[in-house]
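Colleague: Got a structure for you, questions after.
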Amino acid sequence: MYLNREEGSNSKGSVSLSVFLLSLAVTVCAVWLVALCGVCGWCQRKLGKRNKPGMETADTPDSARGRGEKKAIKGNKPANSPKGQPPDADGQSTVTDLANSLTGDMVMLSPGSEDDDGEGPISEKLGRIQFSIGYSFQNTTLTVKVLKGQDLPAKDFSGTSDPFVKIYLLPDKKHKLETKVKRKNLNPHWNETFLFEGFPYEKVRERTLYLQVLDYDRFSRNDPIGEVSIPLNKVELGQLKTFWKELKPCSDGSGRRGDLLVSLCYNPTANTITVNIIKARHLKAMDIGGTSDPYVKVWLMHKDKRVEKKKTVTMKRCLNPVFNESFPFDVPAHVLRETTIIITVMDKDRLSRNDVIGKIYLSWKSGPAEVKHWKDMLARPRTNVAQWHSLKA
């Protein structure tokens, strides 16, 4: 009996030892598998990958505004002067953001210089305007002659503009005079005379002559080109004097809508143009809370026909968004000269129509900055050529 109990004890001990060794082996294998998963980044990438939601948007052009014509104004009424809009602080972004979004080498350009780092303010040439001012003491009448414009920027995707001039005597903005529209002309000659009648000389000296050049648009809001203002107390009004003045961005904020950094890459072998929407800065606030929900639409145009549209995701409550999204378009070489890429920055609105913040027209016949970018893209095939552009109305 003693021997049987001893043999039974040995048998039970062997089973316990086997179970212990098996548990230890399973534990070691589990630890090894966990360590292997920790080293492997595949699981982390699959778990951490973020899907971009699709956005459905609506785009309706602004309603057209009619324009009446006047050639003289009598008397004067006060009004509010144009209001300025302070720029917002630039958002945080890194070189890594741009590098991750681009394939191959990226060439940074600006409208002013190829050596610019791309982060300075954009000073696009707006052209200049010639006009004359004189005052008749006998008739108590101020005479303003709008003569001509020179080197105006193109506002239409056809590479031209339809400019006209509005004339005010600030601070009165309720009463204005307008020139005729000069169709498809970047160097217009107006040669029109306007009379402000019934203004005593003392009152005239308190006024500021304000000229605003705009691009007429029949189907949407007129696009501001630039402005000139000259205090009349600084002008000798006894005889008609002629001035040349450089146009400046409109101080009421209508001419400043923010900037967009875009890169273009032309592949002549694949017959493609890749448009990379990198980031925007100082976008105009379109919401009551002083911010916007921007996204970008990219249209490929052949002549005046829309061929293809693509768009980015919407960035919530952001005036300096970083998009880093690329869109390839098929563009055969024989239609390059008739191709235009229209980039529109929109403000998403759930309760009403989406608002247009600003646009860019890229082609071989757009404005000077746009044409420069287009030519640089063609001169550097298979290279991402990036450039800042000022958004236009």
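Any Cβ shown, glycine's included, is placed from N, Cα and C.
Per TrEMBL, transmembrane segment is recorded for 20-43. Residues or ranges marked as region 'Disordered' by TrEMBL: 50-96. Per TrEMBL, compositional bias 'Basic and acidic residues' is recorded for 62-72. What TrEMBL lists as domain 'C2' is 125-245, 256-389.
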Colleague: For the domain 'C2' (125-245), give the DSSP counts of helix residues, strand residues and coil residues.
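Modeller: Taking each residue of the domain 'C2' (125-245) in turn, the totals are 7 helix, 65 strand, 49 coil.
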Colleague: Give me the DSSP three-state residue breakdown of the domain 'C2' (256-389), ordered helix, strand, coil.
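Modeller: Helix, strand and coil residues of the domain 'C2' (256-389) number 18 helix, 68 strand, 48 coil.
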Colleague: Over the span of the domain 'C2' (256-389), how high is the average pLDDT in this prediction?
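Modeller: A mean pLDDT of 92 is what the predicted model shows over the domain 'C2' (256-389).
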